Amino acid sequence: RQFPGCGNIVTFSQFLFIAVEGFIFEANFGRKRPAIPIRNYFIMVAMFFTVSVVNNYALNLNIAMPLHMIFRSGSLIASMALGIIILKKRYSVSKYTSIALVSLGIFTCTFMSAKQVASDSSLNQEDGPQVFLWWLLGIAALTFALLMSARMGIFQETLYQRFGKHSKEALFYNHALPLPGFLLLAPNIYHHAVLFNQSEPFQVPVVGLTLPIMWFYLLMNVITQYVCIRGVFILTTECTSLTVTLVVTLRKFVSLIFSILYFQNPFTGWHWLGTAFVFVGTLMYTEVWNSLGPFLRRRRRPKED
């Protein structure tokens, strides 16, 4: 909220922390050879880095955080579309219905946000069209990142089928290999580091250390992001894809609600309707209802007896 363009320094800090941790504990200071050939990781990393940077820049193009989160929840649409085109997959009627719901939800939220941007009373007539065009560019950036992310998922799926699942290794290389790319963003990262240094001082509880509050926020973000991404990578090897998709969907929903309530983002009834479509469609896609049915029947059986 204080520095809307600080996405690059946040992403760089996350990547650096995870790369250092992985270099020590997974790569054994570079002595452990990767199970998946390194050239495949370079391809995956190019996609991963592009998606991260494009998503960050979208926030600078008049894209509100709730819309950003809802739009990225449409990953099922992109994955299904590319699965049909690239992997020649076919899906059931319920899968297509769920995708239609998600699409409708994203369209509703996008359309209503477009109306808000176009009718913003704080803009004069000369600035209005220009701001709206920047917003359209932001939507295009989010669409590109969504498709690129889906393509990366398909590529990763084929790698795991061929070489086996290596979640910790993938986590390390996905964050270590892109680090040189941040040299292109060095001026922006340095600029925001200077701004962070100028933020108000904050005394860290328990430790008693005093540092600029933005650096404290960044530290907390890096730690929570590490816990999150590590958990997701472990979850992919320990649970079914149904469980992983459901957990990630619920995490997005909680993040969305928190973002709206805590940061007081504008959210109309139409936005809520669109959000409901997105998440009902996602749950339908994961077929969670089929899993809950037998579970609920088992819970009722002892009472009936």
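Numbering starts at 1 and runs along the chain as displayed.
Including glycine, each Cβ sits where the backbone N, Cα and C put it.
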Quiz item: For the record in TrEMBL, which of the ranges 65-87, 203-225 is the transmembrane segment one?
Solution: 65-87
Quiz item: Do you know which of 12-29, 228-245 TrEMBL annotates as transmembrane segment?
Solution: 12-29
Exercise. With a Cβ cut-off under 8 Å, give me the same-chain residues at least six positions beyond the ends of the transmembrane segment (41-59) that come close to it.
Key: 4-5, 7-8, 10-11, 34, 65, 68, 72, 138, 141-142, 144-145, 148-149, 151-152, 155-156, 159, 170, 173-174, 177-178, 181, 185
